[in-house]
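Marked as active site, proton acceptor by Swiss-Prot: Tyr185. Per Swiss-Prot, the feature active site, lowers pKa of active site Tyr maps to Lys189. According to Swiss-Prot, the NADP(+) binding site annotation covers Val26, Lys50, Asp73, Asn100, Tyr185, Lys189.
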Amino acid sequence: MAPALPFALPSLAGKVYLVTGGNTGVGFHTVDELAKHGARVYMGARSPGKAEAAIKTIRAETPTADVHFLQMDLMDLHSVVAAAKSFKEKETKLHGLVNNAGIMATPYALSGDGFEAQWQTNYLSHWVLTWHLLDVLVRTLQAEGGAAGSVRVVDVTSDGHNFAPKVGIDFKDINLEKAGVFARYGQSKVGNILHAKQLNKLYGPSGSETAKKGIWTAAVHPGHLDTNLNKQTAFPKFVNTLLRAVGAYSPPRDGAFNSVFAVASPEFKVADSGEYFVPGQKKKQPSKVARDMELAGRLWKWTEEELRKRELLD
């Protein structure tokens, strides 16, 4: 049996959650912990086979686990929109969204939508997913009587956001074709933090009444983990082997702690909404650009405009 969580987590019976990238690594353990506590959890993933295998593993330990596969391909924005619509056909409530899926330091590649792979997978697809789920998130908050912390959105980011370009988000060259793999990764992770902060500003507990305040948000760094994410990187395999040998990586389950804490624990308070968390459920200031609210607003506007051009927000 796994050790107890390092924070309080009550029964989540009657609550519904969606976790992207839920079939592996941090996402898998996030789904597992929520399901163990009685929640209904949707596992967002691209591969039906891998998702069903992951669900089978969860149910082997927790036979009553209420976990369901929701197909989505984050490298295809239309697939993400379709996934959001599919979810809303199945459920009328969503208490928590964990934008978890991601890739790290991968070789330069463009999606079919024309965006650099890390930018789209880590940031852009999660923005559009959240956008299309805002209506059900708001309805859930209303159904819960506006109860504090009853609806939350968590963006999984990284301390790798410090590798971003000096400007944070390079709107003049959003795909960063000539930059290094970690600069592109860093930009996407800055995007995650700014998304959580702007979402909190618009829909969070400090927002206006007209913005339907009350959705709590957070950006969380899971830590340096021994997951499949490291296998995707462009640097040599011996680097991962060395880091693993010297104990530089934590177990994937530990990486899920911040996500579960932020999306469901009563120990996460209203003052925590919109903040950046590092391992140990500790708040920390992110980089200067990642806490620039003017940049957060500009990025939100840029993203909305780009997606409207592609008729993805209608």
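From the backbone N, Cα and C atoms, a Cβ is placed for every residue, glycine too.
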Asp73 (NADP(+) binding site) has how many other Cβ neighbours within 10 Å of its own Cβ? 19
Ranked by how many other Cβ atoms lie within 10 Å of their Cβ, the recorded positions Lys50, Lys189 are led by Lys189
Among Val26, Lys50, Asp73, Asn100, which are recorded as binding-site residues, the nearest neighbour of Tyr185 (active site, proton acceptor) by Cα: Asn100
Under a three-state reduction of DSSP output, how is the residue listed as 'active site, proton acceptor' classified: helix, strand, or coil? helix
Have a look around the residue listed as 'active site, proton acceptor' and count the other CB atoms within 10 A of its CB, chains all included. 27
